[in-house]
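Visitor: Below is a structure I'd like to ask you about.
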Amino acid sequence: MELDNYLESCAGRGRYACFTGQNRLMFITHRTNKYTELDEIKMVIKGGCNWVQLRMKDNLNLEVAKEVSHFTLFKGGLDCVCCLDDNLEMAIKAGIHCVHLGKNDMPVSEAWRIIIEKGLDDLFLVGATANTFEDILKADREGASYIGLGPYRFTETKKNLSPVLGLEGYQKIMEQYREAGLEIPIFAIGGIQFEDIAPLMETGIEGIAVSGAIINADDPVEETRRFIREINKHKPDPCRNDSEI
Ligand SMILES: Cc1ncc(COP(=O)(O)OP(=O)(O)O)c(N)n1
Ligand SMILES: Cc1ncsc1CCOP(=O)(O)O
Ligand SMILES: [Mg+2]
């Protein structure tokens, strides 16, 4: 199937149908001396997170990707989505059905070409990074499934950070987003702390992508629950109430 036909066929069943409110917190791994990527994923899944991104910047490793893929498949629950940063080929090899692509990674349209060629298009999600409204438009046209928009603040988790957007940046971009009638789910990213959730959700974003604030908490499992409950206050999860998290 060609990309244009794919996007057209998606329009009928809702191209963003997977984002129905159950995946509003994306946890992104960041290996530290304290935790491996799998340790982190186990903790956040225990805390109720059902969307995890495996990000291995200096230590890309297929075995780790396979372990994480199996864990999320068998222990993450039916609605759990696992995503791999940067590398589509490794995602496919590991059985991971979501890849996140930045502006220096493979273009979103090229990723879809490969996914469609392999007959995996019914399963896959392709996320894209945006730092501006124009980036959102481009990624949406290329068929991105969701956007990671940022950075909100300075963070040490990512090198070569783009200029920070701050709350005003999000407010402006989300206004343009609404005026353009876009529907692609937007996730805020970059140095996000618990207190940032409320003002960010007020801008109309779909959810939050976070790493450090959860890993560095004394109890990452409890911190995950706290994040999800706070996000739910602004956009209630239609499938789970707080007592189920
Ligand atoms: C949800 C989400 N948003 C943005 C990014 C950043 O991706 P990228 O710009 O490719 O930078 P790296 O993560 O590869 O350093 C992301 N990973 N996830
Ligand atoms: C991957 C990425 N892209 C922009 S900021 C960032 C890091 C997110 O981690 P943290 O929540 O620790 O800032
Ligand atoms: Mg990248």
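Note that the numbers count up from 1, one per residue, in the order the chain is shown.
The backbone N, Cα and C atoms fix where each Cβ goes, and this holds for glycine too.
A TrEMBL annotation is a machine prediction, not a hand-curated record.
From TrEMBL, here are the annotated features:
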type    : residues                                                 : note
DOMAIN  : 25-214                                                   : domain 'Thiamine phosphate synthase/TenI'
BINDING : Gln53, Leu54, Arg55, Met56, Lys57, Asp85, Thr129, Lys158 : 4-amino-2-methyl-5-(diphosphooxymethyl)pyrimidine binding site
BINDING : Asp86, Asp105                                            : Mg(2+) binding site
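Set these features in their place in the structure for me.
Guide: Secondary structure from DSSP puts Met56 (4-amino-2-methyl-5-(diphosphooxymethyl)pyrimidine binding site) in coil. Residue environment of Met56 (4-amino-2-methyl-5-(diphosphooxymethyl)pyrimidine binding site) contains 20 other Cβ atoms, counted within 10 Å of its Cβ in all protein chains.
Taken residue by residue with DSSP, Asp105 (Mg(2+) binding site) is part of neither helix nor strand, so it is coil. Sequence-distant neighbours of Asp105 (Mg(2+) binding site) (same chain, six or more apart, CB under 8 Å from its CB) are Asp86, listed in sequence order.
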Visitor: Between all pairs in Gln53, Leu54, Arg55, Met56, Lys57, Asp85, Thr129, Lys158 (listed as 4-amino-2-methyl-5-(diphosphooxymethyl)pyrimidine binders), what's the biggest Cα distance, rounded to the nearest Å?
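Guide: Spelled out: the longest distance between any two Cα atoms in Gln53, Leu54, Arg55, Met56, Lys57, Asp85, Thr129, Lys158 is 17 Å.
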Visitor: Under 6 Å from ligand 3 by C-beta, which of these binding-site residues make it: Leu54, Arg55, Met56, Lys57, Asp105? Sequence order, please.
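Guide: Going through Leu54, Arg55, Met56, Lys57, Asp105 in sequence order, those close to ligand 3 turn out to be Asp105.
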